[in-house]
Each structure stands twice: as C-alpha cells, then as structure tokens.
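Asks: The structure's right below; bear with me while I get my questions together.
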Amino acid sequence: DAISGEHEIQIEGVQTELEAIELEDGAAVPKEFANPTDDTFMVEDAVEAIGFGKFQWKLSVLTGLAWMADAMEMMILSILAPQLHCEWRLPSWQVALLTSVVFVGMMCSSTLWGNISDQYGRKTGLKISVFWTLYYGILSGFAPVYSWILVLRGLVGFGIGGVPQSVTLYAEFLPMKARAKCILLIEVFWAIGTVFEVLLAVFVMPTLGWRWLLILSAVPLLLFAILCFWLPESARYDVLSGNQEKAIATLKRIAAENGAPMPLGKLIISRQEDRGKMRDLFTPQFRWTTLLLWFIWFSNAFSYYGLVLLTTELFQAGDVCSISSRRKAVKAKCSLACEYLTEEDYTDLLWTTLSEFPGVLVTLWIIDRIGRKKTMALSFFVFSFCSLLLFLCVGRNVLTVLLFIARAFISGGFQAAYVYTPEVYPTATRALGLGTCSGMARVGALITPFIAQVMLESSVYLTLVVYSGCCLLAAVASCFLPIETKGRGLQESSHREWGQEMVGRVSHNMGFTRSNSGSQE
C-alpha cells in the first residue's frame, strides 16, 4: 500500500493454488506487481493475451451492421427531403424541419443511451435502441401526412442516438494494437451503408416510391436485432460492476473461440465506482478534454451532414455560381416550386458517397503514424480548404471532385473522433462520454439543415464561409486536446494513473529486477 499508493484490493479467484513467480535475485514477486503471467491479472491483460481472432471478426460484422443501418437512416434524409418537397408541396422550412427533427431525437437521447449503457450494461442499451429504431423506422413508411412522418422520424432519431454505443462495446473487446485499425474498418460499413442507400434509391424511388425506401432501409437493423442476442456483455463493465464470474465466463468464451489460452491466475476486481455520472466528465483530469471534444464532435456533424445536404442542392443547380445567379434572378419564384432528383443527380451523389472509402483508407494510414489529434486537425483543415475552393465558378466535374475530397476528409475526421473518444475516458464513464459527444454532434446536425437548405437561398457564399470557419476552429481545438491516446491502453478506473494498465504496475524506482516474463511495457 505504501509503495503503490493504492488501497488493498479484494481478489476472488478461480484458482487457489499457484506457484510463486521468482525474480532473478530469488525474491517472490509481490502481488501488487502482478502481471498476466503472475498470480493475478486484469481484464486489459486478458484482452491483450487472448488477442484478435474469430470472436472479434464476428463482433466486427455485427457492429458493422449497426453502423450500416445508422448510415442508411442518415443518407435517406438527403433523398427523402426533395421528394417530399415536391410530392407534398412543402415549403423549404418544413423540408429543413423534417431533417432537423431526426437530429433533435438523436440529441435528446444520446446522453440517455450513454447513461443506460454505463448503468445497466452496453448490451442492454444497444439492444433497446436497435429495437426502438427498427419499429419506428418501419412505421414511418406508413405515415399518411406530414405531421405523422415528422413525429415518427423524430422517434427514429431518438433510437439512432444509441447506435454509437456499439463502438463502446466493440472497443472494450479489442487489444490495443488492433483498436484504431478495427474501429476505422468498422467505418467501412458506414460507407457501405451510404452507398447502398443511394443504390437502393436509384431502383426503388422511380418504381415503388419513398415509402418502400424507408421500409427496405430498415433491413440491416432487422438483421442486427436477430443476431444481437449472440452479443456478450462487456467484461470490463462486468468487472467494474462487481460481476466477476460473468466477466471470467465471457473472457473464457472469447479465448475458446479464438483458440487462445486464458491468462493464468486470478482476475482482479476493479474498485467499484459510481458509473455514468455527468460530474465525472468535468473532473480536473477530463474537463478540457470534454469541452474540446464536444466542439469537435459538433463541428464534425455540422460539416459532414451539411455537405451531404449541400451536395444535392449543388448538383441540382450545376455549380455554386448557378445557385447564386438563380437566387438573384428568380426572386418572385414560388416557394413551393421544386425539382425531383434526376438520374444524373443520383449518379453524382453516388460518386461523392464513394469518397467515404478513401476517407477510411487515408485515416487508417495516418492515425497510428501522426496520432489521433493531428489526424482530426488535418481532416478539418482539408475540408475547410475545399469549402473555400467552391467559391470559384467551377464546372460540374471539378465540383464533384472537390465535394469528393471534402467528404473523404470530414468523414475521416469523424472516424478519428470515434477512435479517440472511447480511448480517452475510463470504463466508468466511457459510454456516457461517447454519448454526450454524440449528443453534441446531433446539435450540429440539427442546425445544419437551416444553413445548407435555408441560408443557401439567401447567400451561398455565406453558407460556405460558415462551414469553412467552423472547421478551422475545430482543427485548432483538435491540436489543443490535452491527451494523445496513440499507443495507450483503455483506462479501467478514473482513480488509476493514465495509461497505468498498459505500462505495468511496477514503479520504475523500486529497484526490483524484472523476471523474464515481466510486466507489459
């Protein structure tokens, strides 16, 4: 206790008789300094020892289905808005409100789902949110009038707010070396979801209409709902909540599926803490991180969804200058006048959507080289630069290229934020931290339709300045984040020193000589 500065820990074991590990000088290893090859281990040690295998591949596909469903529900907004604008003769503010109400639901629920996941388990929160989204997603396809679809899409948004918790569950089963790459590769499913939604719209909209598009877009959620009963609860959560036997059973199941041995010894029960408390996000250790991350997530969603909505507007007009001249020339134009998306619009929309894939690859290549903070900063800067280039009166082909690059990098910034956020918070507040960040992202997404669809009618240049300026500030905020998580382990407890789980539990000043199996560095 005097050496480590920690309280005595309670150990409940599965094995009671273990041989002492001998140091080179013949002294027994103190329990405080145990590692996976000694007589005690932590969940982090077990996850690292078991490694990446068959279990994680299955979990990747399942988590990917949740992301694919989320992406399709988001992408459908840019397709549904112009369709209902024409079919129901909606004014532009009602079209914008139809998009915003989804984000209102997400904003209201993100923190709630995070709290549920920290209090009652990651699996519980995720299952409830998926079934909720599936039910109201299908129901919205039967909406008879505008007010009905407004309410039902808002309830869909409320459910989607819980989907990011799949990343919390996923990250807690990944070994450190694979974590960034795996979370980024999961984002490939987001890209697949957006591309699939556009392709689905190409075939469904001209024949079956938007109602069938809404119903068929719920298919990935249906698959996830069927398969999610296979999901185990997070072993990190079980240990933190005092359910040691369940955590050991989960780890043994993963080890068996991966064909890897369990670490020898007894699983240490982490100090039990209050979980899912908002005040823990504002302790001196995390206060600035939380505030800066909130702004970064806000800017990410504000810019990403703004670009998605701007893309359809710009393609319908031809280029930025056409929008500007059209606004000046047609002042007396009826506010209910509309244009359906053409086949050419869908084609170009598909090309810009495909930019998600190189966005993943670029982020994957640089995130472990330059770090999470610099990756986010670079992504914001490139997006801002491309937004300013749209001021030039470029043709449709150059416009498509600029939108392609901008979307690739802003989606890359979003992916980097999804890697960084679960890494920076401890297990007790990880889901809540991700939930509140996701909630702030929804605030940005809530505001963006009124910029990308309403402000655009007044001034296209002011619209572009708003997006560019916001991303420049977000790039600065990324650089000022106090913690870089590259090469760090996940924190089990807010009471432990940062990174202690991975740098070992032995003080370098002790003077002990490590055994050949020594603690992880």
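The backbone N, Cα and C atoms fix where each Cβ goes, and this holds for glycine too.
I grabbed these lines from TrEMBL:
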type	residues	note
TRANSMEM	59-81	transmembrane segment
DOMAIN	59-486	domain 'Major facilitator superfamily (MFS) profile'
TRANSMEM	93-116	transmembrane segment
TRANSMEM	128-149	transmembrane segment
TRANSMEM	155-171	transmembrane segment
TRANSMEM	183-204	transmembrane segment
TRANSMEM	210-231	transmembrane segment
TRANSMEM	286-307	transmembrane segment
TRANSMEM	349-368	transmembrane segment
TRANSMEM	375-392	transmembrane segment
TRANSMEM	398-420	transmembrane segment
TRANSMEM	432-452	transmembrane segment
TRANSMEM	464-483	transmembrane segment
Asks: Report, as numbers and ranges, every residue of the chain located at least six residues beyond the transmembrane segment (155-171) whose Cβ falls under 8 Å of a Cβ in that stretch; write 'none' if there are none.
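Replies: 59-60, 63, 66-67, 69-70, 73-74, 101-110, 112-114, 116-117, 122-123, 125-126, 128-130, 132-134, 136-137, 140, 179, 182-183, 186, 231, 234, 418, 422-423, 430-431, 434-435, 438-439, 442, 490.
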Asks: If I take every residue in the domain 'Major facilitator superfamily (MFS) profile' (59-486) and average their pLDDT values, what number comes out?
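Replies: On average, pLDDT over the domain 'Major facilitator superfamily (MFS) profile' (59-486) sits at 80.
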Asks: Which listed stretch (128-149, 183-204, 432-452) has the most C-beta pairs under 8 A with the transmembrane segment (59-81)?
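Replies: Stretch with the highest Cβ contact count: 183-204.
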Asks: Which of 210-231, 349-368, 432-452, 464-483 has the most Cβ pairs closer than 8 Å to the transmembrane segment (93-116)?
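Replies: Going through each listed stretch, the top one turns out to be 432-452.
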Asks: Six or more residues out from either end of the transmembrane segment (432-452), which same-chain residues have a Cβ under 8 Å from its Cβ atoms?
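Replies: Distal contacts: 95-97, 99-100, 103-104, 106-115, 117-118, 157, 161, 164-165, 167-168, 276-278, 280-281, 286, 290, 293-295, 297-303, 305-307, 309-310, 313, 417, 421-422, 424-425, 463, 466-467.
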Asks: Excluding the flanking five residues on each side, which residues at least 6 beyond the ends of the transmembrane segment (128-149) place their CB within less than 8 Å of a CB in that stretch?
Replies: 66, 69, 73, 84, 88, 90, 94, 98, 109, 113, 116, 155-156, 158-163, 165, 211-215, 217-218, 221-222, 224-225, 228
Asks: What else in the chain is close to the transmembrane segment (464-483), if you only count residues 6 or more beyond its ends and a Cβ gap under 8 Å?
Replies: 288-289, 292-293, 295-296, 299-300, 302-303, 306-307, 320, 373-374, 376-378, 380-381, 383-385, 387-388, 390-391, 410, 413, 420, 424, 451, 455, 498
Asks: Given the transmembrane segment (183-204), which of the listed stretches 286-307, 375-392, 398-420 has the most Cβ pairs that are under 8 Å apart from it?
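Replies: When the Cβ pairs under 8 Å are tallied, 398-420 comes out ahead.
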